[in-house]
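> Before I ask anything, here is the structure I am working with.
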Amino acid sequence: SVHHQDSSDEPSESSHPCCDLCLCTKSIPPQCQCADIRLDSCHSACKSCMCTRSMPGQCRCLDTHDFCHKPCKSRDKD
């Protein structure tokens, strides 16, 4: 599989950090983690990405933030 790093302004699923299932603790500040599963890669802003060894790999970003990224599924497409 070929991975392209391009700096175009085209929004692509892999390059923009987004999260549909974001889990936060009730602490202040909250500790939020994205539980989304992506195939073969995590979004570009992810520092700690963990993937299964299956084909294709199921990847989760293990980063913790005090916020959630915007949802990946845009509401205006349907």
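The backbone N, Cα and C atoms fix where each Cβ goes, glycine too.
Marked as disulfide bond by Swiss-Prot: CYS18-CYS72, CYS19-CYS34, CYS22-CYS68, CYS24-CYS32, CYS42-CYS49, CYS46-CYS61, CYS51-CYS59.
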> Taking only the Cα atoms, work out how far CYS46 (disulfide bond) lies from CYS32 (disulfide bond), in Å, as a whole number.
13
> Please work out the number of neighbouring Cβ atoms within 10 Å of the Cβ of CYS32 (disulfide bond), leaving out its own Cβ.
17
> May I ask you to report the DSSP-based helix, strand or coil state of CYS49 (disulfide bond)?
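For CYS49 (disulfide bond) - judged by DSSP and reduced to three states - the answer is strand.
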> Which secondary structure state does DSSP assign to CYS61 (disulfide bond), in the simple three-class scheme?
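Looking at the DSSP assignment, CYS61 (disulfide bond) belongs to a strand.
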> Through the lens of DSSP with three states only, how would you label CYS24 (disulfide bond)?
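Where CYS24 (disulfide bond) sits, the three-state DSSP reduction gives strand.
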